[in-house]
Amino acid sequence: MSNAFDRHRRLRRTPAMRDLVRETHLNKEDLIYPLFVLEESGQRNEVSSMPGVYQVSLDRLTEEMKEIKALGIQAVLLFGLPKEKDEVGTQAYDNEGVIQQATRLIKQEYPEILVVADTCLCEYTSHGHCGVIHDGYVDNDASLPLHVQTAVSQAQAGADIIAPSNMMDGFVKEIREGLDEAGFENIPIMSYAVKYASAFYGPFREAADSTPQFGDRKTYQMDPANRIEALREADTDVEEGADFLIVKPALSYLDIVREVKDRYTLPVVAYNVSGEYSLIKAAAQNGWVDEKAIVMEKITSMKRAGADLIITYFAKDIAQWLSES
Ligand code: PBG
């Protein structure tokens, strides 16, 4: 009898057969876990809008890192919550700043774990914007030297990767030059090449205490309606010397992840942001979705879309699930 139609189901018949033909695999090495580090001591505070995510103080960071190491997670992304903020975000580039201290501590105790330092001012400025303000506007060129200083001090503290998220024009070029001049030509830049002005960052701003005190971030972060603009942003970062390209957020922007992956040869990183985490957590806590199944499907879809690495608050859960399977 001739085949009247294709039998695609042959390759789906058993679990072993499905394993054999699976195209996308998730590994622990793909995961980067964000950490919120508090300068204030003696604390481990759960973020109310992000169940399972904690702000951890410097003196309790060792415990946290022990767990991360035991789970097999190889990279952390550090955000700092300083004791004091000011107009120009001084604590971001202070050599005794919370991130600089956290980085030294981690590199001392867990030298094999990669420290990725978020390079931005919004957690350190009293107004909560990612640069300095002149006449109510974030001043691009006046902010750049502060981002460079932040990156250099993070590298001096031992950061393995610099991840600038500030969305100022020229930040990759300036930071690259600053790092090179300071002797850090081997420290890569993981650039937030494509970062949208997204409502999905809401819970993060509680976690990092970085809500803008006036206005919004739409004069520096991108309009969610734009695709070509994402390519212009990424073109510039590649030209200026980025080593990794981040697309953020991930889930609503998988089309952009795919395009960035196809167009450039650099590793692509998808940032599975706070709001994406909280939506799933809320539904799971209500018993409306199967958390493990939905998280694995979602993260796998990011890899399928072209992400080589994924920054995710689910990293611990995923690492645990991967060990069990
Ligand atoms: C800082 C920064 C933000 C996030 C990462 N770095 C917040 C923002 O731009 O408002 C958001 C991450 C998340 O939502 O998980 N510029």
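One-based numbering along the chain as shown.
For all residues, glycine too, the Cβ spot is worked out from N, Cα and C.
Just so you know, TrEMBL annotations never went through curation; they're auto-generated.
What TrEMBL records for Lys195 (among others) is active site, schiff-base intermediate with substrate. For Lys195 (active site, schiff-base intermediate with substrate), the Cβ neighbour count at a 10 Å cut-off comes to 24, with all displayed protein chains included.
The Cβ neighbour count for Lys248 (active site, schiff-base intermediate with substrate), using a 10 Å radius and every protein chain shown, is 24. Annotation source TrEMBL lists active site, schiff-base intermediate with substrate at Lys248 (among others).
The feature Zn(2+) binding site is assigned by TrEMBL to Cys120, Cys122, Cys130. For Cys130 (Zn(2+) binding site), the same-chain residues that are 6 or more apart in sequence and have a Cβ closer than 8 Å to its Cβ are Cys120, Leu121, Cys122, Val138, Ser143, Ser165, Asn166, Met167, Met168, Arg217, Tyr220.
The feature 5-aminolevulinate 1 binding site is assigned by TrEMBL to Arg205, Arg217. According to its DSSP assignment, Arg217 (5-aminolevulinate 1 binding site) is coil.
The Mg(2+) binding site annotation in TrEMBL covers Glu233. Taking Cβ-Cβ distances under 8 Å and a sequence separation of 6 or more, the neighbours of Glu233 (Mg(2+) binding site) in its chain are Ala193, Val194, Met222.
DSSP assigns Tyr313 (5-aminolevulinate 2 binding site) to coil in the three-state reduction, outside any helix or strand. For Tyr313 (5-aminolevulinate 2 binding site), the Cβ neighbour count at a 10 Å cut-off comes to 24, with all displayed protein chains included. Residues or ranges marked as 5-aminolevulinate 2 binding site in TrEMBL: Ser274, Tyr313.
Cβ neighbour counts within 10 Å, taken over all protein chains shown, single out Arg217 as the most crowded of the binding-site residues Arg205, Arg217. If you take the C-beta of Ser274 (5-aminolevulinate 2 binding site) and look for same-chain residues 6 or more apart in sequence within under 8 angstroms, you find Ser49, Met50, Phe200, Tyr201, Gly202, Pro203, Phe204, Ala207, Tyr313. All protein chains included, Cys120 (Zn(2+) binding site) registers 27 other Cβ atoms within 10 Å of its own Cβ. Ligand 1 lies within reach of Cys120, Cys122, Ser274 from the recorded positions Cys120, Cys122, Lys195, Ser274, judged by a C-beta closer than 6 angstroms to any of its atoms.
A coil conformation is recorded for Cys120 (Zn(2+) binding site) in the three-state DSSP classification, outside any helix or strand. Excluding Cys120, Cys122, Cys130, which define the Zn(2+) site, the same chain contributes Gly89, Leu121, Glu123, Thr125, His129, Gly131, Ser165, Asn166, Ser210 within 8 Å (Cβ to the Cβ centroid), listed in sequence order.
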